[in-house]
Amino acid sequence: MYDRIFLPKKITLENGKTVYEKRSRLPFIVALLLLAVIISIRITGFELELLLERWMQFFVIIGQMIPPNWEHFSNIWVPLLDTIKMSLLGSLLGALVALPIAVLASSNIVKSKVVVALFTFFLSILRTLPTLISALIATFVFGLGTVAGTVAIFLFTLAYVGKLLYEQIENVDMGAFEAMESIGLTKVQAFRYAVFPQILPNYLSTSLFCFEGNVRYAAILGYVGAGGIGLLLNEGLGWRNYANVGIILLLLVITVFIIENASEYFRKKLM
Amino acid sequence: MNTIENQLKWEPKNKTYMITVSLILLLLFGWSLSAIDLSEMETQGFQVAINIITGILQPDLELLLTFNQQGVLYLLIETVAIAFLGTIIGAILAIPFAFLSASNVVPAPVAYVTRIVLIFVRTVPAIVYGLMFIRVTGPGAFAGVLTMSLTSIGMLSKLYVDAIEDLDTKVLESMTSIGCNIFEKIRFGIIPQLFAMFLSIVIYRFDMNLRDAAVLGLVGAGGIGAPLIFAMNAYRWNEVGSLLIGLVILILLVEWLSNRLRAKLVRG
């Protein structure tokens, strides 16, 4: 299509032959991107002058966070532990439930096309829902508190681990599975001994990675009332008590840093 | 005793290790169970769940299909615009930070300090930035764009660094040996190696930012989030349904597009 509008360049070589060089698509793509940027600027009301005039305000807020209010620490650590508990429980349960669902969603194990389509669809719908929105819905069903947050994290982990897992199962070497089926093992047994060992390291590593990310997500779930440290964060920001926000963020960064490094250590060991 | 059984005996025995790991996991599981307090569960939760599902199954079609300032389509376009602009700004600003934290480009202390700063930038939740930027620019999509740019800088520079540290320096050495100057080295030695990788990372990040932008509205930073939370708080579940359907379709569409584009980039 593009080549028909912008005809290829004709080059005559020294020996008299002519060759065609296709025109670069770069100008077209750049023009398209520029157009998109201009439209976005219109829609979002991006004003450089306002930004240049008031960008200091942002650093004023950061300045108020330093030094952090250390006395606030005694109020923080219980919600912080709640946050970790929520993400731990949600990730553990989610990763466990993801396994059977991923098996049902992988087309090389389950032969029924309807079942596979149903479960892949279920997983992709679940994955598109942002965690904060599922947490918001969960607060309506389970009431305010950590249960709603755990449910939101559980759903996200289920979707994320489930998707990566069924892609891995579909890429597994099926020879061993077929051989075991042919000597009379049931499908479950064959899966346990032929496929499971192949996906286990990846499964554990994905689950750990997901847990890592979940701690970050869990930190904001309190914003919609789903328990954890987000509630205090929201309170501090609402009352403009930035020194309190500063200590919360500092503790959060330290926690996430520790968990990330621990999980990275174990993931490297798994590989 | 046949060969198979003999061979099986050679299997490394890591039973103690496995049992310890399982025990630790179980302990953690038990510990985290204490966060669950079902006594506070609302009794009408089940009824609400049914209401939500019927609302999503019977969406407000008028809201979903009409195109005006309150319609789902306009809100989705606004969300995409926030994510797009934020990603572009973040993608450009992240490049210097990435080079400053790559240990094969700058001295180790500089790389280390930049990395710590980036860890801070990355860990602070997007919503907190949103609330801070609202104090700067006032509520609206502009605050959302700034938030997305800042979070993108944190995430993108981390991914960029991996690409930069994998640079093939042999090319640069051979270019030095044939007498290229520094700009030629950057133009013909570094950019061709990094461009496709960076582009792929940016497209991936746009996909992620779209989800975040959908949430930012909860704090008043524009996009689809604000109408969503209003509709939920007012228990207008068919409006929630139409907003969620629009969001899910948009995210699936963008994800599919981004996967296709990235597959094309990888294949060249």
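Backbone N, Cα and C define each Cβ position, glycine as well.
For reference, TrEMBL has these:
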- A:26-46: transmembrane segment (TRANSMEM)
- A:80-260: domain 'ABC transmembrane type-1' (DOMAIN)
- A:86-105: transmembrane segment (TRANSMEM)
- A:112-129: transmembrane segment (TRANSMEM)
- A:135-161: transmembrane segment (TRANSMEM)
- A:215-233: transmembrane segment (TRANSMEM)
- A:239-259: transmembrane segment (TRANSMEM)
Range from A:26-46, A:86-105, A:112-129, A:135-161, A:239-259 with the greatest count of C-beta pairs under 8 A to the transmembrane segment (A:215-233): A:135-161
Contact between the transmembrane segment (A:135-161) and the transmembrane segment (A:86-105) (3 or more Cβ pairs under 8 Å, separation 6+): yes
Selection from A:26-46, A:112-129, A:239-259, the stretch that has most Cβ pairs under 8 A to the transmembrane segment (A:86-105): A:112-129
